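Novice: Got a structure for you, written out below as C-alpha cells; questions coming shortly.
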Amino acid sequence: MIVWQALFVVYCLFTTSIHGLFQDFNPFANKNISLKFPSLNRWEKNVMATGQQTIINSDSIYEWTPILSNITAGKKDSFVFTIDAEASGYGFAPTYEVLMFISGNICQMPMNRSDVDLTIYYSFNETVLENPNIGQSAVFQDGYIQALAISPVQSSSSNATSTYSNLYVVAELVNSTTEQPLSSSDASENWEYRLSISENDLVFQWDVRPWVEVLDTDMNSALLSTGNVTADAKVYHNYSIYDPSLYDLYVYSYEDSVQLNQNYNLSLCAVKNGPYLVSSQNTSNATVTSNSTNPLERTDLAIQKKITEYGGSVTEMFYVTGLNASTTYVAYLTKKISNGDGLSSVGGILFSHVYFTTRSTDVCSLIFGLDFCSDVAYSVPTSSFSVGNKTLMAQTYDHIAEALYANFSKALQLISCDADKDARYSPVMTCDDCAEAYRDWVCAVSIPRCTTTSSQYYIHRDKSHNRNDYLNKFIKPLDDYYEILPCIDMCYTLVRNCPSDFQFSCPNDLTTEDLLYQSYNFYMDTDYSTCNYIGNSSLMVIHPLDDT
C-alpha cells in the first residue's frame, strides 16, 4: 500500500491525465488501498422511465453510505455520482485528476451459479445507462469488486473543475461466457449486493494477509492475536490510545466456511451477515478491562478481546470460549476504516481467514494474562489440583516461575548497573535487559507448553516425570503429554544480555547434542510451532528445516 501511494504521488507530478491508460488497466487489483480524506459527495439514484430500470432508493445517498440492493435477471440498477473536484483529496487531486474509487460486496447469491456474473459498468457518458457496453466494466469476483474511474480536471485562475460532472454506473447480471444480459425468465433468483463510490478511498477492502495468528487451543477454547497494532494508535505526546473496537473476529464452523469461501471469499458483507457461530462484535462484555471478571473462567460461546503487549509489540487478543472438542473452526478478522471523521460503521477491511482445531481431551489447558510471566499465552499441562479452574492453575504456574526468579533478582542487584558506561559489564546491554531475558527464560522452562500431538520436535513427558520437580510436586499433570520445548534463542539472548559473572552458557549440537535436544529446540519455518518462544519475537532466528 505504501509503495502504491508513493508511485501515485510521483505519477501525479509527471502526467496530466491517465484516463486513457485506465481503459485497459486496473491498478487496484489485489491491492489494499487506504487514502483517507473526508468528502461530502453523494450518490443520486437515476430514475428512468424504461421498464427495465430498478429504483433502489429515490433519495440521495451520501458518501460512506453504500447502496444495498437486490437484483434479479433482466433488471438493471443505475446510479449517478456527482463529481466535486474541490472536495477530492484535500486539494491534491484538483491539479491533476479526480479519482473515483468503486468498491462493493456480494452479500448473498444463489448457490452453484458460476455461469452468472454480477457486472458493473461505469462511464462519464450518460448513454451508458441505455447501452452499458460503451463503458468500462468490472466483475464481482469471490464476492468483491474494485475499480477506478478518473476524470481530468480543468484549471483556471479562480478554481478547478472536473471535466465531467457525473459518473454513471449500471449493475446487471450477465452470462459469464457470452457476457450477455440474462433474460427476465430467470428472475426467480435474487442477488444481494452493496456498492459504494468515493472520491477518497475504497469503502470495501480486502487484505491477502491473515493478520491474525492462532496462538494455541485447548479442548474448548482458543486464543488468537492480531499483528502489531501500534500504527493504529492515536498518539498524544508520551502516551498512545488504542481502540479495541477497531478489529473484530467472526468464527464459523468449517462446514459453513466451505460454502462461504466458494462464493464470497473476499466479501466483508457476507462474512458479517453470514451464519457465523460467534463474533466479538455481538458478544456481550466482549472487551476485557481491568475490572472484568477473569476471562479464563468464561465457558459460554463467546469472544473476549483485549489490547495487550505480547511478543515485543502491541496486539489485540481474542479469546474464544464455549467451543466443542476435536472440532475445526475458521476465523475471519475484519477492520474498520476511517471516513475522515472517525471510524466508519460501514465498509472496512476483510483479511484472509485462518483455521484452528480444538483438542480432544483436557490434558492441556490454555492460560494467559499471568502477572509475572505476562507473555505466557499457550496451553500448559492441566494440573490435577485445579481441574476446571484455569485461574488457579495460571496463578500456580506464575508463582513457581516468580519464586525461581527471586534468587537471581537478588544476585543481579550486586552488579554495578548504575555505573558509568565504561564501568558497566556492557556498553550496549543493561541490567534491565538481563532481567527481562532471565524472566522470559525462566518462564519458558518452568511453564512447559503442552500439546497432544506427536512430532519429532516434541518430547513425550510422563505425567510423573516432568521437566523439573516443581511440576511434579505443585502441578501433578493430569495425564501424559508432549512438551513443545523452549527455543534455544532464549538461551542465546540470556547469555548475550547478562554479565559474564553469572557464567551462563547454552548447549550446542556439537559437544552437547543430547542435552540440547532434551532441553531446547530450534525455530523452524513450518506451519506449526517447533519450539516455544517467550519475549521479543524479532530476536528469533529461523533455522533451516531438519529433514532427519
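Cβ atoms are placed via backbone N, Cα and C, with glycine included.
I grabbed these lines from Swiss-Prot:
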- N32: N-linked glycosylation site (CARBOHYD)
- N70: N-linked glycosylation site (CARBOHYD)
- N112: N-linked glycosylation site (CARBOHYD)
- N125: N-linked glycosylation site (CARBOHYD)
- N159: N-linked glycosylation site (CARBOHYD)
- N175: N-linked glycosylation site (CARBOHYD)
- N228: N-linked glycosylation site (CARBOHYD)
- N265: N-linked glycosylation site (CARBOHYD)
- N282: N-linked glycosylation site (CARBOHYD)
- N285: N-linked glycosylation site (CARBOHYD)
- N291: N-linked glycosylation site (CARBOHYD)
- N324: N-linked glycosylation site (CARBOHYD)
- 1-20: signal peptide (SIGNAL)
- 21-341: topological domain 'Extracellular' (TOPO_DOM)
- 359-548: topological domain 'Cytoplasmic' (TOPO_DOM)
- 342-358: transmembrane segment (TRANSMEM)
Novice: Looking at the glycosylation sites N70, N112, N125, N175, N265, whose Cα is closest in space to that of N282 (N-linked glycosylation site)?
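Specialist: Of all the candidates listed, N265 is nearest in space.
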Novice: I'd like to confirm something. Which of the glycosylation sites, N70, N125, N228, N265, N324, has a Cα closest to the Cα of N112 (N-linked glycosylation site)?
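Specialist: Minimum Cα distance from N112 (N-linked glycosylation site) across N70, N125, N228, N265, N324 lands on N265.
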Novice: What is the interatomic distance between the Cα atoms of N175 (N-linked glycosylation site) and N70 (N-linked glycosylation site), given in whole Å?
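Specialist: N175 (N-linked glycosylation site) to N70 (N-linked glycosylation site), Cα-Cα distance: 18 Å.
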Novice: Can you work out which residues elsewhere in the same chain, 6+ from the ends of the transmembrane segment (342-358), have a Cβ less than 8 Å from its Cβ atoms?
Specialist: 32, 64-66, 103, 196, 202-214, 217-222, 224, 243, 245-246, 254, 257, 261, 266-268, 271, 323-336
Novice: Which of these glycosylation sites is closest to N228 (N-linked glycosylation site) if you go by CA atoms: N70, N125, N265?
Specialist: N265
Novice: By CA-CA distance, flag whichever of N125, N265, N324 among the glycosylation sites is nearest to N70 (N-linked glycosylation site).
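Specialist: Closest by Cα: N265.
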Novice: N125 (N-linked glycosylation site) has how many other Cβ neighbours within 10 Å of its own Cβ?
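Specialist: A count of 13.
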Novice: Round to a whole number and give the Cα-to-Cα distance in Å for the pair N265 (N-linked glycosylation site) and N324 (N-linked glycosylation site).
Specialist: 25
Novice: Given N324 (N-linked glycosylation site) and N125 (N-linked glycosylation site), what distance in Å do their CA atoms have, once rounded to a whole number?
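Specialist: About 56 Å separate the Cα atoms of these two residues.
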